[in-house]
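Residues or ranges marked as [4Fe-4S] cluster 1 binding site by TrEMBL: B:C63, B:C66, B:C160, B:C194. Annotation comment: TrEMBL describes B:227-308 as domain 'Cytochrome-c3 hydrogenase C-terminal'. Among the features that TrEMBL reports, [4Fe-4S] cluster 2 binding site is placed at B:H232, B:C235, B:C260, B:C266. For B:C275, B:C294, B:C297, the entry in TrEMBL reads [3Fe-4S] cluster binding site. The transmembrane segment feature in TrEMBL is assigned to B:318-340. The region 'Disordered' annotation in TrEMBL covers B:346-367.
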Amino acid sequence: MRPDLNEVLRRRAAGTGNMVLVLHEVSHALDRLARTGETHVIDLSSLPMTPVELQQLIASLGEGEVRAVIEAEGRSEVTETGFSGVWLVTHRDTDDMLRGRYIEITPLPEILRSQDADIRAAAARLARKLDQISDLEEAS
Amino acid sequence: MIRRQQTLGERLEERGISRRSFLKFCTTTASLLALPPAFAPRIAEALESQRRPSVIWLSFQECTGCSESILRAGSPSIESLIFEAISLDYHETLQAAAGHQAEAAREQAMAENMGKYLVVVDGSVPLGNPGFSTVAGQSNVETLKRVAKGAAAVICMGTCSAFGGIPYAKPNPTGAVPVSEIITDKPIVNVPGCPPIPAVMTSVIAHYITFGSLPELDDLGRPKVFYGQNIHDRCYRRPFYERGQFAQSFDDEGAKAGWCLYKLGCKGPTTYNACAVLKWNEGTSFPIEAGHGCLGCSEPNFWDKGSFYAPLSTATELGSGTVAAGVLAGAVLGAGAGYAGRKMQEKGKAGPFEAPPVADAGQKENS
Amino acid sequence: MTLLDFARGPALQGAAFIFVVGMVWRALGLLLLHRNTPLSRNRDNHLARHGFRTVLSRFIPAPVFERRVSFQYVAGWIWHLGFFVVLLFFKIHVMFFQGLLGFGWPTLPNGVVVAVAGITLGVLLWLLGRRIVNPVLRYISTFNDYSSLVVTMLPFITGFLAFAHYGFAYETMLALHILSISLLLVWFPFSKLIHVITLLPSRYILGVKFWRRGVQA
Ligand code: SF4
Ligand code: SF4
């Protein structure tokens, strides 16, 4: 048996009601973060919402103090919402197409941190660069 | 290609791909597989920690469209990151090696990874004559059987290897069959589509590496996450379908207004694929959004289901020929019946009694 | 071959073939029979015209029986008309005919067709119930009556389910719908449904016979 799709479509047009559910989930997760430090991620693409609802959700979270853009195989945006600890993360690919939208409840979204592997690589690169510079200096 | 000792991180760095990009890949892959975001680190860990699984890619009767779709050599995308996580040891179109060298590389990869490597197949296998398609003097059937023997699983990429595809279409001149008709003792995942959506393939491989198992499959061997819903159910033109607003031609007012394409042959209602959700060309759009009906390319025998432009509700074989033959046969039978009837009437009349009147059309009138 | 492939292909083709064969066969067979020569003197000068009058006059109940048969007439009219409206003026059906004949015609909005189909199915169900409940009707009903009613109703039921995406998946419902139509086509020439071709001619013949004898039928 399949669901009655006409009904599904009608309901979808009327809104899914998921926006409030998401806000509840955020609120619980934020509470846990405050008490135990446990982080949480919500995948917005896994929850059906009308574009209007999504806008309302983002609007009700508001804007916070941080707004960062990451260029990694396409642009990603990380913004802190009006509620500290609640972040909105948007991933796009090289063609600027939306690939995922997440609400992260964390002190700092993982993608924002410099990654250990990148740090190690960077250290090596910088050392090489210094070597080159000192080589050049010696030569002159 | 063979420097296996490198870590994933080093390889990424060598390619100028940051760790952040990799994180992004893992996160979006989890979304694609409908896994909770918490799985992203697990995917990352699995892709990194394990030895890169060896993948042997076999191309049989195919057009290379599937490879093109998946590799999209022209525009590197997040999906192509999967190729950092696997060791693609044999791919006729991509590998640098040629001739005996290439075959030797494959044999070596097979020997080293016995029972653990993945086999990806694009193209169907001709059984009509082994000479129809050979590589290095080996027919496709032989190659498939040999290589699949030591495989952990076989992934059929594209409709040709999954269901036979275009080579399999009537009259099937090469006697082509899908992989599943030859290999019966290995787990097989079908990733049909002509071609399949790139992200679907990478996600299936990522799933395999992360969990060491294949995703849940439907009765046609397709991963349910991607082939569980049909195009029609997720189509944004669906409200027009419900209201009976159909474009009559590709350039009429209805087409311009974005009405449903059922009448123009859309096979969306009977096609299970993720196009309407994942879309094509990095999520730009999908065929119905571009104004053309779905061809049903991820379904078996899509090529033989009547015209791409005939509505699903039309007959595929019924035509004037059938009707004419029916009229003819009916006329012969009718003449015979009429003759026999007359004979009976005459016999009745010739009898000793007056014949009872024969009604011409003895049916009782119907309400 | 999936169920839908079978339904759209061989099933429909075979059923249409049997339908055409059966219709031509039975029509021709009846046409070729000897007519019995009337023995009475002709008491009417406009036989043909009066024959047609009988054909038409029987579309409405005869005044004497009006009270007893009106329901039967009205119900019959409604569902026959509904049947044709749904068959010929539903968009997706016209697409089918267009695929077959090469031309189409204007259609009615889906909402209207769905309403008509609902009423038609309702009337058919009512008639079936009446046939079972009414003692006289039940007494004179045969397998031919029940089966023809059910076979006529099936396309409506499956069609509704396919349209509403209810029950099985669309491809299965559509296949069942086409198969139910195939069944109707096969059943048609060999059951009382053949009245479609015999009804008007037999009324005419009956009319002529009556008028000849001076009965104003
Ligand atoms: S365009 Fe195709 S998939 Fe979309 S609603 Fe119409 S028939 Fe269904
Ligand atoms: S819309 Fe249909 S035909 Fe086109 S790619 Fe998707 S499944 Fe294949």
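Using N, Cα and C of the backbone, Cβ positions are placed for all residues, glycine too.
Listed binding-site residues: B:C235, B:C260, B:C294, B:C297. Those with a CB under 8 Å from a CB in chain C: none. Confidence for the domain 'Cytochrome-c3 hydrogenase C-terminal' (B:227-308), expressed as mean pLDDT, is 88.
Put plainly, the binding-site residues B:C63, B:C66 were compared by Cβ crowding within 10 Å, and the winner is B:C66.
Listed as Cβ neighbours of the transmembrane segment (B:318-340) (distance under 8 Å, sequence separation of 6 or more from its ends, same chain) is no residue at all: none. Under DSSP, B:C63 ([4Fe-4S] cluster 1 binding site) is assigned to coil, being neither helix nor strand in the three-state scheme.
The binding-site residues listed here (B:C235, B:C260, B:C266, B:C275, B:C297) include B:C297 as those with a Cα within 10 A of the Cα of B:C194 ([4Fe-4S] cluster 1 binding site). Listed binding-site residues near B:C275 ([3Fe-4S] cluster binding site): B:C235 (candidates B:C63, B:C66, B:C160, B:C235, B:C260, B:C266; Cα-Cα distance within 10 Å). Within 8 Å of the Cβ centroid of the [4Fe-4S] cluster 2 site, not counting the listed residues B:H232, B:C235, B:C260, B:C266, the chain contributes B:I231, B:R237, B:R238, B:Y241, B:L261, B:Y262, B:G268, B:P269, B:I288, B:G293, B:C294. You'll find the Cα of B:C294 ([3Fe-4S] cluster binding site) roughly 20 Å from the Cα of B:C63 ([4Fe-4S] cluster 1 binding site).
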